[in-house]
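> Sequence annotations record features per position, and here Swiss-Prot assigns N-acetylalanine to 2. Per Swiss-Prot, the feature domain 'RRM 1' maps to 4-80. Annotated region 'Disordered' per Swiss-Prot: 84-105, 201-330, 594-759, in sequence order. The annotation domain 'RRM 2' is assigned in Swiss-Prot to 114-191 on the grounds of sequence analysis. For 122, 397, the entry in Swiss-Prot reads phosphoserine, with the evidence type a large-scale study or a structure entry. Look at Swiss-Prot and you will find 689-698 tagged as compositional bias 'Basic residues'.
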């Protein structure tokens, strides 16, 4: 605050805070401005203070502002006034000692956040042993084992971690575990006075607690007396401060009450008492109750303390009135927002930096738990204007295109702060959650209408294409199963020469400013009819691209769509979010699951399951073997008659033409693409199947083999004919009927007449 605060000296007695603020607001936004006045009157004492929000405005004000209503004024950077509680001992003490005290206090407050207490500690355990045990959970900043005046250990210790996450892991991992042969109890460390308050609940310790409260009240009262004496002495010191330009926080607070300017301390207290909407009302009620209980306890302590003089009683009453005074509520102004789902490690400075993009902030306050002093995961923030608060609410809504506000990897939930009565009503009413999952708001993304500014310079052919695509989109979206994808883009009007690599490069360049851009799919659609070998088909002029994140897809769409600099002004890309069919996506998931099951079953069994299609090569080999076996089994007479018969066509087995889906519906069976090249070898008709790998044998050897096979087959057939004459007779009759009905084939050789010696 001191670096942003200016000390303004040599002001006339008629100077007012409003006039001073009007003068300095010409340089930049003024956060705070007041003129120090005489007690009991509005006359200016000749100096004042101005606080800016930005350091640049402070530098400008030092250079530009030199006069006030025609009078020359002194403008310097205000110095922080450091008070020493023992002023009576000497005002000439070195100022370095009091500077160290507030820093030490701040460090203690920060340390409490990630600090653990280890009870029931063994006397054999040293600080180094304790550090080595807890170092496995994270960075240990400090280890402390308190000792008695005689040097013996007290049986407990403290471990300070770097952040809350590591401390939480250590608490879960080491609670009720043994260290040096002794089971320890690990818990969050709290302030000593709060621990004593919790321990003084029993009836036995009530008297002791009253005595301690009495002592604390006497101490507080003594501090208040010193503060009141210091305030009285401030009148003498302010003249020196005017020359030195010293800035005092306490003077500022007292004088702000008189000048009706909001104090920073009041703002922070007001943040704690802020009631929250439905889900956040519990936090706000607890905080407000704590504030009220604190003020009541202070009043009781002042009432119990025995005052020696009437002046001390008057001062105590004044202090209690100040504490009990209700602060004005700023909920109805619509400038305060309540933030939920905060990370426990998030700080007020980080949250303030995130919210400053929407407008100037009055305060940011993270709600702390009263016992542990850890963050509750929620906060309050008040903007200077109502418009800034509305901008913040719009940016944080989940329906926003940017995806809402994120801090430390968590999605922030922002709502307007409401009164306690409204919060109670919101708890009873159930909020209807949006059920739309079709993302129809993205259907208009990339739309360019004729006659608009975006349509200037677009060729008539491109506009006709856009109108046609828009009409098709409207027709498809009438089906409830069609939805708009959030990550998949459809790109039309692409040149024929653009391939997958060029398109991927274009999309990555469009999202070059983003971090972690990943394209899952990028495919230019091509005509595959009449294409063989490694030849690529001609591009169809459109493509699909799928991103990992919605924000990246949205940025690529807005940069590439209708951009004349990519492919020229006459051929501008038409980019829109792709339409998806839920039914087809379900079918795709089922196919993937089946393939995964097949892959898992193969290494387990080593053989394909029943009903699974075999590879094409195995099918061909098995078919050839089966064919040769059948030929060897057929008797020679049937072979001769079969040779004379004509081709009877394919003899196929009845196959299922429809496939039943899991939802009960049926669809036509889709045959898979062939896994081999060349002419189709059909397994349904065995009439003209060639051997798999035919070899050209020598003619003499081939004839000798044929004769040998005929002799062997005749011998086998004679043996079988004796055993089963009825079957051979039936086959002969069938062959005779075939010859009569179909006639002998042209290419078939004439049947040999039986010789006289065969009978």
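Including glycine, each Cβ sits where the backbone N, Cα and C put it.
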> Ranking the modified residues 122, 397 by other Cβ atoms within 10 Å, which is at the bottom?
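Across 122, 397, these modified residues, the one with fewest Cβ atoms within 10 Å is 397.
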> Would you list the DSSP helix, strand and coil counts for the residues of the domain 'RRM 1' (4-80)?
19 helix, 32 strand, 26 coil
> Compute the average pLDDT of the predicted model within the domain 'RRM 1' (4-80).
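Taking every residue of the domain 'RRM 1' (4-80) together, the mean pLDDT is 88.
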> Between residue 397 (phosphoserine) and residue 122 (phosphoserine), how many Å separate their Cα atoms?
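Per the Cα atoms, residue 397 (phosphoserine) and residue 122 (phosphoserine) stand 53 Å apart.
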> What is the number of residues in the domain 'RRM 2' (114-191) that are helix, strand and coil, as DSSP sees it?
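Grouping H, G, I as helix and E, B as strand yields 23 helix, 25 strand, 30 coil.
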